[in-house]
Amino acid sequence: MALLLEHEFKPLPADKQIETLPFLEAVAHLPPFFDCLGTPIVYSPVKADLTGNIKKIRAVYDSNPTKFKTLQNILEVEKEMHGSAWPKTGATLALMWLKRGLKFILVLLQSISDGERDEEHPNLIRVNAMKAYETALKKYHGWMLQKLFTGSVYALPYKSDLLKALEKGKEVKEEESIEKIHQFLSRVTPILDAIYEMYTKMNAELSYKA
């Protein structure tokens, strides 16, 4: 799948220490995923948010690559730097929102690859998108944003069109596309799980609504 496998994520090491630079270089290829979902009024802000958070984390990393070599280092150093303002500041906050955007992508793709669908409309991805939204983003959104996202599912592309867009317009058999999604998920899911685990262990997760 051209868009998803364009720049592969490094395997999660045994100690779960995720190197910042390779992670950012890989994740920087994912914001265009939201272009494949159409409905710009809803997904363009999500794409912009993802891109903006990647830039914020990169700026912190570039300020001292040795000090911020891993994502764990970022949280530890910023906790000491920002005191009571942490974790609602800096790259810690940017990564918190970035992981939620990634979670949306992964849950949506996992749901599609698992074959979850509306049996009456099997080529629609509403079921998959709603599962992804409710899992990754809904509880962090206020009422208006929730209504906007819920309404957006009726303007989503067909599954076949989404898969074609992810292949950058190339015609590929659905089973081949699903296999590529599996490859992507098998590499990225452990990394994202490790980031969520890190936030839980460091008590860095915030539940305020956007």
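Every residue, even glycine, has its Cβ placed from backbone N, Cα and C.
According to TrEMBL:
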- 18-167: domain 'Glycolipid transfer protein' (DOMAIN)
Per DSSP, what is the residue tally for the domain 'Glycolipid transfer protein' (18-167) in helix, strand and coil?
113 helix, 2 strand, 35 coil
Predicted model, mean pLDDT over the domain 'Glycolipid transfer protein' (18-167):
95
